[in-house]
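Participant: Sharing the features that Swiss-Prot gives for it:
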type	residues	note
SIGNAL	1-22	signal peptide
DISULFID	40-55	disulfide bond
DISULFID	47-60	disulfide bond
DISULFID	54-74	disulfide bond
């Protein structure tokens, strides 16, 4: 195999591997996006007003705990 043929083979191989890697990272990005969009805080769990929403039509409500500290919980 001469130098030109070897160079072409390496170029094709790099292109194929690059395409496979790009395709996998694109799929990974889509999957992570779906996971992030579907995440919500379960009912009766602590929440934050500026983070993920509560599940099952619950709302993040302010309450006082036993030490009179303000806490937030998802309540239905």
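Yeah, the Cβs are placed from backbone N, Cα and C, and that goes for glycine too.
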Participant: Just going by other Cβ atoms within 10 Å, which of the disulfide-bonded residues 47, 55, 60, 74 has the emptiest spot?
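Facilitator: Among the disulfide-bonded residues 47, 55, 60, 74, the lowest count of other Cβ atoms within 10 Å belongs to 55.
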Participant: Could you check what DSSP calls residue 55 (disulfide bond) once collapsed to helix, strand or coil?
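Facilitator: Once the DSSP labels are grouped into three classes, residue 55 (disulfide bond) ends up as coil.
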Participant: Select the most exposed residue of 40, 54, where exposure means the fewest other Cβ atoms within 10 Å, treating these as the disulfide-bonded residues.
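Facilitator: Minimum Cβ neighbour count within 10 Å, taken over the disulfide-bonded residues 40, 54, occurs at 40.
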Participant: For residue 47 (disulfide bond), which DSSP three-state class applies?
Facilitator: coil
Participant: Which one is it: of the disulfide-bonded residues 40, 54, 74, whose Cα lies the shortest distance from the Cα of residue 60 (disulfide bond)?
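Facilitator: The answer is 74.
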